[in-house]
Amino acid sequence: MAETLQLNSTFLHPNFFILTGFPGLGSAQTWLTLVFGPIYLLALLGNGALPAVVWIDSTLHQPMFLLLAILAATDLGLATSIAPGLLAVLWLGPRSVPYAVCLVQMFFVHALTAMESGVLLAMACDRAAAIGRPLHYPVLVTKACVGYAALALALKAVAIVVPFPLLVAKFEHFQAKTIGHTYCAHMAVVELVVGNTQATNLYGLALSLAISGMDILGITGSYGLIAHAVLQLPTREAHAKAFGTCSSHICVILAFYIPGLFSYLTHRFGHHTVPKPVHILLSNIYLLLPPALNPLIYGARTKQIRDRLLETFTFRKSPL
């Protein structure tokens, strides 16, 4: 009883938060480890193997494959930023997270999400250059160019996401220590704040629209250029070959943005009509499903990656 009263009090900079997982599910949420456990394992194995294969095989040291390795590293970081804590909450029940650790997790989740969106845009630009300007492609897109792009995307992600935890940290009073979520999501923490959170909410909304909106516009523009270039090709075989080089990337884009769109819409417009466990489920699917699917998509649809993985895991030697 005393503990319940304490959790419902107002706290001045709490030392920790308590993550409860899926509100209302109780012990039944333990079964969700059978879903998220394999998803995380798949993300670990796939996103660990893909950069290793690109690193080992010098023939894959090309812009397209280097971007794949960067995407895999980002996916690995994103999945690892939430999955261990998620599985701990599902299996062991509510757990405490130090206040500072919660803010750090908030930063990494949003920064890596922004980074992934930026990498998908860079990959779309790479394909547009390869298909639209094939003769100039080796000059336009180099390994150094990919390195600078990755650095710029990382700096952009850090710069725009740093205000998230800083804005939360400036609040002094919280109405509770209990977060009804599986990780320290920005809005889940802000809901506990006692005070005016309008500036924080507006920044979060503007940031979501700016990152996703600008990247989606860039991706759409890149594929518009690709479509225009493909239509200029003389044969259907050439059309199919050009489309084949983009099909994996299109699948990855859909796997990233569609769950994100559903998660965003249910949170912003279905807050009072969609059950909270559904919000949390969509949020976790949005962050964990793409890292699990991306290596499968590229491993299955990109011949060079597929062949190199088969050679690695079956101990076959590539032909001379």
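Every residue number used here counts from 1 along the chain in the order it is shown.
Every residue, even glycine, has its Cβ placed from backbone N, Cα and C.
Pulled from Swiss-Prot, these are the features on record:
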- 1-30: topological domain 'Extracellular' (TOPO_DOM)
- N8: N-linked glycosylation site (CARBOHYD)
- 31-51: transmembrane segment (TRANSMEM)
- 52-59: topological domain 'Cytoplasmic' (TOPO_DOM)
- 60-80: transmembrane segment (TRANSMEM)
- 81-104: topological domain 'Extracellular' (TOPO_DOM)
- 105-125: transmembrane segment (TRANSMEM)
- 126-144: topological domain 'Cytoplasmic' (TOPO_DOM)
- 145-165: transmembrane segment (TRANSMEM)
- 166-201: topological domain 'Extracellular' (TOPO_DOM)
- 202-222: transmembrane segment (TRANSMEM)
- 223-242: topological domain 'Cytoplasmic' (TOPO_DOM)
- 243-263: transmembrane segment (TRANSMEM)
- 264-279: topological domain 'Extracellular' (TOPO_DOM)
- 280-300: transmembrane segment (TRANSMEM)
- 301-320: topological domain 'Cytoplasmic' (TOPO_DOM)
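Note on the transmembrane segment (31-51): residues 22, 68-69, 72-73, 75-76, 79-80, 83-84, 86-87, 90-91, 284, 288-289, 291-292, 294-296, 298-299, 305, 309, 312 of its chain, located 6 or more positions outside it, place their CB under 8 angstroms from a CB of the stretch. Mean pLDDT for the topological domain 'Cytoplasmic' (52-59) in this predicted model: 87. Spatially, the transmembrane segment (145-165) is not adjacent to the transmembrane segment (243-263); fewer than three Cβ-Cβ distances between them are under 8 Å for residues at least 6 apart in sequence. Counting residues 6+ beyond its ends, the transmembrane segment (202-222) has Cβ neighbours under 8 Å at 114, 117-118, 120-121, 124-125, 127-128, 160-161, 163-164, 167, 186-187, 190, 253, 257, 260, 264, 268 in the same chain. Non-local neighbours of the topological domain 'Cytoplasmic' (52-59) in the same chain are 65-66, 68-69, 304-305, 308-309, 312; each lies 6+ residues outside the stretch with a CB under 8 Å from one of its CB atoms. Residue counts for the topological domain 'Extracellular' (166-201) under DSSP (helix as H, G, I; strand as E, B; rest coil) come to 13 helix, 5 strand, 18 coil. Within its own chain, the topological domain 'Extracellular' (81-104) is flanked in space by residues 13-21, 29-30, 32-33, 36-37, 39-40, 43, 112, 165, 168-169, 178-179, 182-184, 189, 284, 287-288, which lie at least six positions past its ends and keep a Cβ under 8 Å from the stretch.
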